[in-house]
Number of protein chains: 2
Amino acid sequence: MKHNFGAGPGILPQEVFKQAAAAVLDFNGTGLSLLEISHRSPEFEEVLNEAVALVKELFSVPEGYSVLFLQGGASTQFAMAPNNLLPEGGKAAYLDSGVWASKALKEAKFFGNVEVVASSKESNYTYIPKDYTIPADAAYFHITSNNTIYGTQLQQFPKSPVPLVCDMSSDIFSREVNVADFGLIYAGAQKNMGPAGVTLVIVKDDILGKSGRKIPAMYNYEVQIEGGSMYNTPPCFAIYVSMLTLKWLKSKGGVQAIEKDNNEKARVLYEEIDRNPLFKAVAATEDRSRMNVCFVMENAELEKPFLKYCDEKGIVGLKGHRSVGGFRASIYNALPITSVYVLIDAMREFAEKNK
Amino acid sequence: MKHNFGAGPGILPQEVFKQAAAAVLDFNGTGLSLLEISHRSPEFEEVLNEAVALVKELFSVPEGYSVLFLQGGASTQFAMAPNNLLPEGGKAAYLDSGVWASKALKEAKFFGNVEVVASSKESNYTYIPKDYTIPADAAYFHITSNNTIYGTQLQQFPKSPVPLVCDMSSDIFSREVNVADFGLIYAGAQKNMGPAGVTLVIVKDDILGKSGRKIPAMYNYEVQIEGGSMYNTPPCFAIYVSMLTLKWLKSKGGVQAIEKDNNEKARVLYEEIDRNPLFKAVAATEDRSRMNVCFVMENAELEKPFLKYCDEKGIVGLKGHRSVGGFRASIYNALPITSVYVLIDAMREFAEKNK
């Protein structure tokens, strides 16, 4: 039994793996593999429709928004969002809360001007910048809801005078969100929602078509909406696994219920980090992520031995990102709290041995 | 037992389905699903490296070319190719041999001028245009090697004074190709090479970086080469299944051997179509595709009953594209010749009953 704390592609529910494996052999009794059926078949169209319906239901997506399953990951959205929303010569505002935010704003510069309203780069992104003004003349304001590498998370979303664009790759469906507050939400699936290879986009229809740009078909949200995520062949398997994962989430009681579980997992783990004299948390207390818990050791020489100790207990994926060091325990939706307890026990035992 | 003649996502080897399903449950004895392991893990890096090595080996890719596994399908390449290769104000030449070729050239117009050297549109693309001159001042010449919808295929590739760019989505690895004759080859995987959700790109390094364009990271071949197809999280599962399929192809004797099999499958099927009074082939004889065999009935009223007759025998995916009608038997690499014989038997029996 492994306890997978990897940052992504990350853990998904065991029952999803079982259903996905079965569908690769025989999809819903068709006698065909899921991998060899047409995306235009009624069987696959039902999968896509169900995935879209589950997103709408689980996230209470209001009227006037479209839900898309695209390819290319959040990194493609870094360019696609400004390509669609930023007029020639226009300006977009960005909050620089980490490397991914900084990559996003770099891509926006290919399409127009960028105003960085605030940055925590000077402190290696250990906190979320808070005192800033969103320029009312910006085409949109871009934020990153959770910063996987540094273990920080926006606890509240800012009120914005312009459409709010949010990269939710690493905490989507982990907590309740009022979609109506956003113009555009996007997320690579491979943390909370599905496997690598598909990207969720939730976009408010009336913010589109205003930039005056000519946009190639695959980069154009309006074309993708018109095609119902099937302008071309979609990543069928990744959409199917996402649908299964969303279905599992619904069976667990939905986002509200999983948020409660996630809060409890984060609470017990941070409590141990704060209590245990060997460890200390990396992120500013008020910005601590409930998805990626980053921590280091007071004595850095013990870090390798602790990783080894964990490995022997089946705890995997705990190594921190190279730019932060130490450990990162990703506690995504599908990670059971029992795995968190195993980690906490390991921390306690290791502290006992290294008194 | 189903006989899957679907045009794509299409049939893959049965043993690939079995291996893929097993990896979704437990990847190579890691105790983790393939879907939950990091793309930066040694285990996945080995998968990607093996996939690249197999492409190079099976296609005898010469030095000076890069092999990429990207997202977004051929439709994304329709824009990515001109974005990288077509200078501002420059010109690209296109051969219009079908709807996909025509979509490709439409995307190129976002980036520069397009010269269509020849088109068979007026005959609903039933043949490959042949008498044309490739302008020596074009940035590149774009062709589509096989036209899935119409069942036509370039039997020889043109000699080009400028880099040859080829969409090989529907016949890649089905026949031997001299990669050195091409500047850029791209192919959505979901016909001969793997599942939907990954796109193969083989690009000659020295044609890149010359357009003077500023290109967003995800659309930039040079960035993708630099990142080794991992500038961001790649579509891990789709790459894995492609790797398995390429390995299967190698075990079958490689491209030369499969080409022989494919020729035989096409030969017996066209022979029956030409012989059987109920049916007639759609494409010009000299341009007949060895991947997608398109045919109609002399008496169109018998088409629905024939489809039903086939369905009862487990023959699926035979319905022709709506723009051509009739039938399309896709006989991709993984389709065994025994399935072709089953189809031929059905055609004979049906003719017997409808004399």
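Every residue, even glycine, has its Cβ placed from backbone N, Cα and C.
For A:R40 (L-glutamate binding site), the same-chain residues that are 6 or more apart in sequence and have a Cβ closer than 8 Å to its Cβ are A:M230. As annotated by TrEMBL, L-glutamate binding site applies to A:R40.
Residues within less than 8 Å, Cβ to Cβ, of A:D167 (pyridoxal 5'-phosphate binding site) and separated from it by at least 6 positions along the same chain comprise A:A74, A:Q77, A:F78, A:W100, A:A101, A:A104, A:H142, A:I143, A:T144, A:S145, A:Y186, A:A187. DSSP classifies A:D167 (pyridoxal 5'-phosphate binding site) as strand under the three-state reduction. What TrEMBL lists as pyridoxal 5'-phosphate binding site is A:A74, A:S75, A:W100, A:T148, A:D167, A:Q190, A:N232, A:T233.
Residues or ranges marked as domain 'Aminotransferase class V' in TrEMBL: A:4-334.
Mapped onto three states, the DSSP output places A:K191 (N6-(pyridoxal phosphate)lysine) in coil. A:K191 (N6-(pyridoxal phosphate)lysine) is surrounded by 31 other CB atoms, counting those within 10 A of its CB over all protein chains shown. Sequence annotations record features per position, and here TrEMBL assigns N6-(pyridoxal phosphate)lysine to A:K191.
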TODO: Using only the Cα atoms of A:A74, A:S75, A:W100, A:T148, A:D167, A:Q190, A:N232, A:T233, which the record gives as binding pyridoxal 5'-phosphate, return the largest interatomic distance in Å, rounded to a whole number.
DONE: 31
TODO: In whole Å, note down how far the CA of A:K191 (N6-(pyridoxal phosphate)lysine) lies from the CA of A:S75 (pyridoxal 5'-phosphate binding site).
DONE: 15
Task: Largest tally of Cβ atoms lying within 10 Å of a Cβ, found at which of the binding-site residues A:T148, A:N232 - done: A:T148
Task: Cβ neighbour count (within 10 Å, all chains shown) around A:Q190 (pyridoxal 5'-phosphate binding site) - done: 31
TODO: Sort A:T148 (pyridoxal 5'-phosphate binding site) into helix, strand or coil using the DSSP assignment.
DONE: coil
Task: Whole-number Å value for how far A:K191 (N6-(pyridoxal phosphate)lysine) lies from A:T233 (pyridoxal 5'-phosphate binding site) (Cα to Cα) - done: 23
